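Per TrEMBL, the features are:
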type: COILED; residues: 112-359; note: coiled coil
type: COILED; residues: 505-553; note: coiled coil
type: COMPBIAS; residues: 34-57; note: compositional bias 'Basic and acidic residues'
type: DOMAIN; residues: 4-111; note: domain 'Cux N-terminal'
type: DOMAIN; residues: 424-643; note: domain 'CASP C-terminal'
type: REGION; residues: 33-57; note: region 'Disordered'
Amino acid sequence: MAANAGSMFQYWKRFDLQQLQRELDTTATLLANRQDESEQSRKKLIDQSREFKKNTPEDLRKQVAPLLKSFQAEIDALSKRSKEAEAAFLNVYKKLIDVPDPVPVLELGQQLQLKVQRMHDIETENQKLRETLEDYNKEFAEVKNQEVTIKALKEKIREYEQTLKNQAENLAQEKEQQLHNDYAEKERKLQESQESMASRLEEAEHKAQTLQTALESTQAELFDLKTKYDEESTAKADEIEMVMTDLERANQRAETAEREAESLREQLTSANKSLQLATQIQKAPDMEQAVEVVSRSSLEAELSAKEREMVQLVEDVQRLQASLAKLRENSSTQISQLEQQLSAKSATLKQLEEKLQEQADYEEVKKELSILKSMEFGPSDSATAQDSSKPLEVLLLEKNRGLQSESASLRIANTELSGRYTALQVEFSAAVKTSAEQKELIFKLEHDLSTIQAMSSLARPDAEGADLSGMDRIPEPIKEATALFAGLGVSSQAELPQGQMDSLLSIISSQRERFRARNQELEIESRSMQQTLQALQSELDSLRADNIKLYEKIKFLQSYPTRSGGSDDTVMRYSSQYEERLDPFASFSKKERQRRYLSLSPWDKATLSLGRVILSNKMARTIAFFYTLFLHCLVFLVLYKTAWSESIGRDCAAYCAKKYSDHLHRFHENGENADMWHTGSARVLSWTYTAVEVKFTNTSAAEVPRDPEPHYKCSKYGLFDFRASRDTLWDQSQPASRCLMQLFAKVVFVNEVLMPS
């Protein structure tokens, strides 16, 4: 990330956006001026073309018209292209003219990056300081627990130092003996190595001499082979040149013979022609015929001689060609053999050179041997020349004598050291015994000290400097064992001396003051660390917000076509945060939820808040579930009871009405009290439930006497005995009133017996 920001900063600094904007501004003004000039020149050109059309004849205009059209088309294309280019330039100019220079932002980003790096360093340092603080706290806790045993530990340290000193002396003696043994072993190994080195040196010298002689002989043989090969190759070349010259000569002779034979053939043909002419001319004289015969015979003899010579030349040529081929084969075989020999010799020479290179450390080995001689046998500078001239056996003998004398002196010293060792062994055994006794005493004292601490914790004085009379409660053996630490006498009544008491109190008080000061320092450091941590946390939050803003600016700058750089984890983290903050769907959903919440009524808001509270807590969800279940059960039970009561009331009312109608039809069909029949039957249902109120309001327990004959005609149904009141609503002498009262009694029975309140 830092490298990308740095490279981007350098790029934009070199890019110089402000200079580019100034150049674009000047270019835009020039383009505007040129556009005006082009418009004016175009108008002038149009006027000139019109004048040209007016002033030129018709035939000339027809001839010039295609040219003018092509010029016009080309000018239109050029103007179109220039307009498109100017439009593109103006678009780029509009986008770039208001772009801010990113160099300050990138510089600020680099500074912020450095701050973040410093902050990471501070965090690591803070972590280290926390760990150090924890270590200090642990040490402080341990030191608090070790206040009482410091003096005993000091005594232990003194004893351990003494034992370590004795052990160091013993180890020094053992090391001295071991060094003597190692020196003797090394001396023996050195002698063996010197002997082996001398033998190896002789073998190396012998091998070097043999290799040198073999190298010289192989070089001589190689030189001889090279000379022989050169001589044979030159001889073969000369021989081949001679054969080639002979072959060329033979070829030339064959060519001349062929030409002569051709000429003779021509002569023979001419002679034959002349002979034919002679035969034709038979009248020629005999002398001429003889001459012709003689000339013909001579020509034939010459022709046969030429043919024989030509055949011989051809044979010579074939023989020379065969000998040349054979010579070439022989020379090629000899050349291949010589090349094989040369390669073998060169391989041998290479092997010898490699061996010589491997044995090239002869001088170095010789030098090392001389150095070993000077180190082991002749350490002084004056004796180096003499030692170099002496043989190795003499040097070894001299060294052996010196080592024997040194061994004798070391043997004497060894006897002395063995005597000292026995004495020290006795002292060591005594020291071990004393150490065991002291360890036992220390264990006893620690046990007694722990007992004292337990008792002091049970009976602690009120404050510092309080009376130590409570020490009288300590048992006598413990007082005697802890007299060194507590300063108590043997008798239980003896008091602590004032000097020891003051020294002990001063030690404890100074130690307490040191621990208190250290504790205060650690508390101050802890508070400063907390403040630093809070400041760093606030700075980290601000830096995170600044980084998101910076990433927004970088995102804006990256919208321009530039080279895309690599991304790291920091960029991806801030990119995700930036994208989440700029997500339109998330922001829209958040705003929509806020709008809907604000548009709700107060009771809806209260319901929503209550639902959120209930759904956010497990206990609230459980209570709401069981409360809802209880309410539903209660409502269902009440509804069931109400429905059952209404059903019973309707059934009773229907039953009473039916019985009342049956009673009227059965006992009052003769027409008595017809008006009561018509009016009472119509109002019986409305009176049925009001009679209940009448009964409860107009009657009481005292007003209901025992009628000796309470049964009326309606009592034969066997429902119940009716006890009428004195002040009844109806006249009991009327049969209809009696029936209504009987119905009233039925309603009372239903309300009091079947459905008691």
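Just so it is clear, glycine is given a Cβ too, placed from its N, Cα and C backbone atoms.
Keep in mind that TrEMBL annotations are predicted by a computer and have not been checked by a curator.
Not measured: the values here are computed from a predicted model.
Tertiary neighbourhood of the compositional bias 'Basic and acidic residues' (34-57): same-chain residues 64, 68, 79, 86, selected by CB-CB distance under 8 Å and a gap of 6+ residues from either end. According to DSSP, the secondary structure content of the domain 'Cux N-terminal' (4-111) in residues is 100 helix, 0 strand, 8 coil. Averaged across the domain 'CASP C-terminal' (424-643), the predicted model reaches a pLDDT of 71.
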